[in-house]
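A.B. asks: I'd like to ask some things about the structure below.
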Amino acid sequence: MKKDFASVTPAGKKTSVRWFIVFMLFLVTSINYADRATLSITGDSVQHDLGLDSVAMGYVFSAFGWAYVIGQLPGGWLLDRFGSKTIIALSIFFWSFFTLLQGAIGFFSAGTAIILLFALRFLVGLSEAPSFPGNGRVVASWFPSSERGTASAFFNSAQYFAIVIFSPLMGWLTHSFGWHSVFVVMGIAGILLAVIWLKTVYEPKKHPKVNEAELAYIEQGGGLISMDDSKSKQETESKWPYIKQLLTNRMLIGVYIAQYCITTLTYFFLTWFPVYLVQARGMSILEAGFVASLPALCGFAGGVLGGIVSDILLKKGRSLTFARKVPIIAGMLLSCSMIVCNYTDSAWLVVVIMSLAFFGKGFGALGWAVVSDTSPKECAGLSGGLFNTFGNIASITTPIIIGYIVNATGSFNGALVFVGANAIAAILSYLLLVGPIKRVVLKKQEQDPDQSLPV
């Protein structure tokens with residue numbers, strides 16, 4: 001239903017509701033990543049209380065990743081079928097509820113507690129699966145192409161902001177009240193956020209505060225403001241055959257591989273980094289919680305700056321390919337610096353180097369902007385889910401591989417080399433595989449999908 005905004009907003013002057021929407025995505029992503037990091041902050045205490053070695057801890061860390069990957073395509077389908085607002089709200093509620101329940105595992109015997117912890121981490125991962133594809137859909141519908149880099153980088157930078165804010169808080173809670181309190185506090189915070197999301201977020205054409213000028217600005221700039229119209233939802237049942245087209249597109253294959261490599265860096269910082277500070281650098285859990293926030297602060301700054309730089313390049317007439325690839329490649333080059341930590345005994349120099357590496361990781365984390373730029377209009381949620389599936393295989397492999405490396409060598413040196421090598425692989429993927437970045441146009445299903453897209 002059309003609205004008359006003339007009495008509320010001056011003619012021709014567009015509202016800025018889209019920036020409130022991305023702020024809400026920022027809050028959701030902050031809680032999302034804080035809940036992922038609960039176990040990494042409490043990890044040393046949990047490992048001690050439950051009697052886990054490094055390999056077993058690696059598998060517990062990976063429980064989230066198994067479910068998160070499994071849930072990506074169903075989550076993407078749900079987003080396309082029922083819309084972003086409803087599915088994201090349910091996602092927030094359930095991952096927060098399962099986080100809350102983890103606070104009770106201390107009441108069980110060690111053997112039972114380990115099984116429950118793995119199961120609850122698995123359910124958190126399954127519940128979080130629609131979140132990032134949903135974020136990508138929301139940005140694609142609320143933002144023109146010229147602002148998507150900034151918008152995507154802003155909500156994506158929340159993963160670092162979450163560590164800056166919540167790592168010290170969770171470290172203090174663990175130190176003062178025990179590790180169980182971390183899960184209780186974070187679970188309650190997420191449930192409250194789910195309610196706020198339902199009360200404040202709408203589709204572009206249904207938002208009570210957006211005006212026609214802003215809608216026109218978004219749509220004329222390439223925003224998909226009708227993405228969640230009822231007609232679009234009716235068509236979602238026929239989208240599954242498009243998966244083959246997405247999986248045979250050379251550009252997308254390169255983006256998927258690079259995202260796996262970049263996510264490897266993410267999960268080192270989300271899982272083993274605080275443990276590394278405690279076990280390899282001799283810090284207390286409280287110190288590690290505060291120290292882990294410093295690289296994360298740099299990652300936050302890098303994340304915001306990377307998106308801004310990308311959009312500035314685009315507005316100055318550079319191609320979309322150039323504007324997206326330059327920050328990604330530059331950021332991954334900086335991330336490789338973490339390997340230098342193997343050659344110093346200074347804990348504070350390690351923090352400085354990791355801060356530089358995390359800044360680079362944030363600066364180059366433009367994958368979701370690329371997804372918004374390239375996803376077919378017919379299946380944006382499914383495309384984002386596929387992208388996140390490949391990327392988050394790293395959430396399974398990274399904690400396990402690092403666990404085996406540490407267990408076999410008694411050192412984190414090999415682990416840092418492994419993570420740094422993934423940054424190099426991401427660069428090579430964007431340089432050699434991705435090619436020009438552009439929106440994928442799908443062939444209709446009655447045509448041969450093998451000939452739909454160049455590889």
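Yeah, the Cβs are placed from backbone N, Cα and C, and that goes for glycine too.
Feature table excerpt (Swiss-Prot):
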TRANSMEM  19-39  transmembrane segment
TRANSMEM  59-79  transmembrane segment
TRANSMEM  87-107  transmembrane segment
TRANSMEM  108-128  transmembrane segment
TRANSMEM  153-173  transmembrane segment
TRANSMEM  177-197  transmembrane segment
TRANSMEM  253-273  transmembrane segment
TRANSMEM  289-309  transmembrane segment
TRANSMEM  320-340  transmembrane segment
TRANSMEM  348-368  transmembrane segment
TRANSMEM  386-406  transmembrane segment
TRANSMEM  414-434  transmembrane segment
A.B. asks: Under an 8 Å Cβ to Cβ limit, what residues of the same chain, 6 or more beyond the ends of the transmembrane segment (59-79), are close to it?
C.D. replies: 36, 39-40, 43, 52, 87, 91, 114, 117-119, 121-130, 133-134, 137, 236, 239-240, 243, 267, 271-272, 379, 381-386, 388-389, 392-400, 403
A.B. asks: Count, for each of 19-39, 253-273, 289-309, 320-340, 414-434, the Cβ pairs lying under 8 Å from the transmembrane segment (153-173), and report the range with the highest count.
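C.D. replies: Most Cβ pairs under 8 Å with the transmembrane segment (153-173) come from 289-309.
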A.B. asks: Do any residues, 6 or more residues outside the transmembrane segment (87-107), come within under 8 Å Cβ-to-Cβ of it, and if so which ones?
C.D. replies: 28, 31-32, 35, 38, 49, 75, 78-79, 113, 116-117, 120-121, 123-124, 127-131, 134-135, 138, 178-184, 186-191, 193-194, 197-198, 201
A.B. asks: Among 19-39, 320-340, 348-368, 414-434, which stretch has the most Cβ pairs under 8 Å to the transmembrane segment (177-197)?
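C.D. replies: Most Cβ pairs under 8 Å with the transmembrane segment (177-197) come from 19-39.
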A.B. asks: With CB pairs under 8 Å as the measure, which of the listed stretches 253-273, 320-340, 414-434 comes out on top against the transmembrane segment (386-406)?
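C.D. replies: Selected stretch: 253-273, with the most Cβ pairs under 8 Å.
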A.B. asks: Residues sitting near the transmembrane segment (320-340): Cβ under 8 Å, six or more positions beyond its termini, same chain?
C.D. replies: 145, 149, 258, 262, 265, 302, 306-307, 309-311, 313-314, 353-354, 356-366, 369-370, 373, 416-417, 419-420, 423-424, 426-427, 430-431, 434-438
A.B. asks: What else in the chain is close to the transmembrane segment (253-273), if you only count residues 6 or more beyond its ends and a Cβ gap under 8 Å?
C.D. replies: 33, 36-37, 39-40, 43, 61, 65, 159, 163, 247, 292, 295-296, 299, 328, 332, 335, 354, 357-358, 361, 364-365, 367, 370-371, 374, 386-388, 390-395, 397-399, 402-403, 406, 412, 415, 419, 422-423, 425-426, 429-430, 432-435, 455
